[in-house]
Amino acid sequence: MTRDNKEKASSCCSDQSCNSNPQPKFKKELTLLTAKADAISQNHPKEPAFKKSLNLIQVSSDPKCEDACCQDKPNHATNDEHFTDASGHKSEFMVYGMDCSACAVTIEKAVRRTEGVSHAQVNYSTGKLLVVASVPSAIDQLPETVKKLGYTLEKLEQKGYARTYHIEGMDCGSCVLTIENHFKNNAAVKLVSVNFSTGKMTIEHDNSVEEIIKEVSKAGYKASLVSSKRTGEVKKDKSGTSALILSGALLLFGFAGSYTDVSPLLITLLYALSIVIGGYKPAKSAFYAVKSRSLDMNVLMTVAVLGAAAIGEWLEGATVVWLFALGIMLQTRSIEKTRNSIRSLMDLAPPEAIVKSGGALVRKPVEEVAVGDLIVVKPGDKIPLDGQIIAGESSVNQAPITGESIPVDKQSGDPVYAGTINEHGSLEIQVTKPAYDTTIAKIIHLVEEAQEQKAPTEAFVDKFARSYTPIVFILALVVMVLPPVFGFGTWGEWFYKGLELLVVACPCALVISTPVAIVSAIGNAARNGVLIKGGAFLEVAGRISAIAFDKTGTLTEGKPKVAQVIPYRSNQEELLSIAKTLEGYSTHPIANAFVDYADKEGIAAHQGDKFRNIVGKGVSAVIGGHEYFAGNLKLFEQLNTDFGEIKSQILSLQQEGQSIVIVGTKDAILGVIGVADTVRNTSVKALSALKHAGMNQVVLLTGDNEGTAKKVATETGVTRYYAQLLPEDKVTVVKQLQEEGYVVAMVGDGINDAPALATANLGIAMGGAGTDTAMETADIVLMADNLEKLPHTIRLSRKALQIIKQNIWFSISVKLLALVLIFPGWLTLWIAVLSDTGAAILVILNSMRLLKMKTSLSGGRN
């Protein structure tokens, strides 16, 4: 650390409050982030960016740097989308010299006071400053402004921004290829990904939004930028329905006229009008697809219809057009229901809040409510923003966030979340997060992001479809030409069969077989308080055969209480005072039990220094010139401390299921404190449901003693348990399970078991509603602070895999059957198009069953 920064850190931590016991939140988050970075760098050595960013947040070895001056500050998590939408000149800087989160607050305040700066946000975790200014000169003076505070700014190179657009006009999965191919040779576009299931395009580009929208229109579609602000319901295009009705009427009149004395020319004219009206939109899309060098469904269908008209099969051509338009309309309406499963989440939080200002109550849009403002929520109303209750008591229904239907009692000091429902009393709440950074906003953002990611199966199907369509297209041309050339039948006969082959070549049902199922499953999970971070994790969850659980805070309540205090060479008050001093800097839940117990007994901590965490064993500190230790049996055996007669008493307490913490020096044991934790009732039910669902191995991992581990294992019914594990030992057990052939999920609170979470095939964190870290780093997050939703998540994932397989095999089978029926002459054009659109609709409807899947703790195999 530089001299300036040392002085700055010293001044930051010079307040008397720094001598109080600090909150370990940042230390916990750093532990998890570091473990996740290690796993990423091991598995993806070419992607060190995540770990590299952690080099910016190495804190001072002096634990006072995690002091009270760093506590109770706003969580400066940056929302890039919010800044992308902000008007003005946007710049990003790397900040050097920050030692704690209070430094981030200091910099942010100074930058915001700079004239011309409209937005400023410092993210301590990434070491970055994001600024939006009305004039470039305001940004230019920031390095000098921040330098005066003792920090250094380095302006980062401006790169293309990843933005998300709504895309209108996509008929099926093959339209995705048309849009992606259109941008393939565009120098201003770095990356583009279109998702048919969500109707969105994510694109990283250097040019303007207007230019991207214009380019999308050239491909035959309509694009609009997704805003972080609330938008109304997407307008439905009714022109397609009108065209379908008119085209169908003309087809019906022509067909009826063929059985009367109506002129054949008039009948042909009616069929031609039916084709033009019903086929205009597909023909237009086909034109743009050809321009983008894509062979999508619209191209194949247009060629087939034109071919039918060329050989005089006007009825067939008009029937194909109408059935195709009907199929597209039904597909669109079905897929919209799937997309609305996430859009409905956006309606959970109300658009306005009642703000208390100068004694008056003013109704404001939530986007205009600032952090620190006081809002009033009446009984029966939804809470508009995340905050902390300042006055009032009530029961709050947190089902929209956690999926728990039973209301939770809330009082002054308790946190509340946007979108939850205030059941009874009136509440006065201090806002802790802006509208774009609330828990429900993050859930929506992460779920939409998850839906846009392609799962391995989806990527494979897309790759297959890219090859399948052109191969069958070429095969259709061969069928039209070669047989008649060699004298096998007439030109008209084989030309018709070639047209049928073109229709069969459309892979629409196959392309949407996977993404629609994934979107439906993720939507179901989100509505039930489970955040699945992508289709890849959904697929892994469906293959899980072993689940390992951390004990403290996961299977147990995580709120251990002191059960016994046994002084040995000290009195009880002195023993607790030393224990409180030592454990004040520990991140383990048991440490909080000591501090709380000592506080209730009115016992103060000593002044200590040289605090040291001994991983997996305990802590130490120097008090009054002597080094004291608090930890487990392993620690004092390693110190070669004389136990005397107390060792048998320690072993006896452990057999009773108590966690034992020994307090003493290298030379003598001062006493023993027994701590007990309670197994959650929901844990017993959840584990029972998992075993009933056919989970092969349910494993308990704990750093606690054998007696406690055995007691918890017996109560919960796990298949095997491992006790007295260090963090690295938990990683070893996970790897051992993987070597035994199991696909392993690790479930924890997202903090103390970070290395094992990162090592497992799937990391599942619990209690995500209260921790941003768990929500951002785990693969799957259970928003509630219990395991009730875990069996549902596993059953949902397995069902999703089952439905994906059904969809793929059904789509392929229909294609193969149609191909077989072409050559004997048993297939007509209209049956071919009916089989294609019908298969696509059935695939969508089959996938939508996942939206209706109910939660249950009864388990059951799927």
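The backbone N, Cα and C atoms fix where each Cβ goes, glycine too.
The region 'Disordered' annotation in TrEMBL covers 1-24.
The compositional bias 'Low complexity' annotation in TrEMBL covers 10-21.
Look at TrEMBL and you will find 89-154 (among others) tagged as domain 'HMA'.
Marked as domain 'HMA' by TrEMBL: 161-224 (among others).
Taken from TrEMBL, the feature transmembrane segment applies to 265-283 (among others).
Here TrEMBL flags 295-312 (among others) as transmembrane segment.
With a threshold of 8 Å between CB atoms, the same-chain residues lying at least 6 positions outside the transmembrane segment (471-489) that come near it are 295, 300, 495, 497-499, 501-502, 504-505. Annotation comment: TrEMBL describes 471-489 (among others) as transmembrane segment.
The transmembrane segment annotation in TrEMBL covers 501-523 (among others).
The annotation transmembrane segment is assigned in TrEMBL to 807-823 (among others). For the transmembrane segment (807-823), the residues of the chain that approach it from at least six positions outside its boundaries are 457, 461, 497, 500-501, 504, 507, 509-510, 513-514, 516-517, 832, 835-836, 839, 842-843, 846-847, judged by C-beta separation under 8 angstroms.
Only residues 6 or more beyond the boundaries of the transmembrane segment (265-283), in the same chain, are considered here, and those with a CB under 8 A from a CB of the stretch are 171, 240, 243-244, 246-248, 250-251, 253-254, 257-258, 298, 301-302, 305, 309, 314-315, 317-318, 321-322, 324-325, 328. Secondary structure of the domain 'HMA' (89-154) per DSSP (helix as H, G, I; strand as E, B; remaining residues coil): 23 helix, 24 strand, 19 coil.
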